[in-house]
Amino acid sequence: MNLNEYIKQVSLEDFGWEFRHQAFWNKRLRTTGGRFFPKDGHLDFNPKIYETFGLETFRKIVRHELAHYHLYYQGKGYRHKDRDFKELLKQVGGLRYAPGLPAKKLKLHYQCRSCCTDFYRQRRIEIKKYRCGRCKGKLRLLKQER
């Protein structure tokens, strides 16, 4: 899917106004569906939202970000707390909040080389620096799962 063309299409169909800036996929977004940058007018979108929830939910998030965009350039209240934003979002049927993504937790399994004690961690540890708490033996990484 060409993101810029899709954003322009949604803007014209749902708002009746043209989108004149750029839209980008941003893989670093974790808890939000998208972001609007007033300084240069570009939009960022979370590709995981599109992959996980599909086009229908993604379109509602696009409407949310376009509401920020169009209100900002019209000189109206574009923040979440502003009445203009809430009314426009209700008119076009955008989402107020992005749906939650399933959290990915890193699971690490370390084992002592001497006494074979198992250690399960979510954060990495430097095995050259840390030792076993029972016997002071060296550690090794057995398994790493995402």
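Including glycine, each Cβ sits where the backbone N, Cα and C put it.
Curation plays no part in TrEMBL annotations; they are all automatic predictions.
Noted in TrEMBL for the protein shown:
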DOMAIN    1-142  domain 'SprT-like'
BINDING   His64, His68  Zn(2+) binding site
ACT_SITE  Glu65  active site
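For the domain 'SprT-like' (1-142), DSSP puts the residue distribution at 49 helix, 25 strand, 68 coil. Around His64 (Zn(2+) binding site), taking its Cβ as the centre, 24 other Cβ atoms fall within 10 Å, counting all chains. Cβ neighbours within 10 Å of His68 (Zn(2+) binding site), excluding its own Cβ and spanning all shown chains: 23. A simple way to gauge crowding: the CB of Glu65 (active site) has 21 other CB atoms within 10 angstroms, across all the protein chains here.
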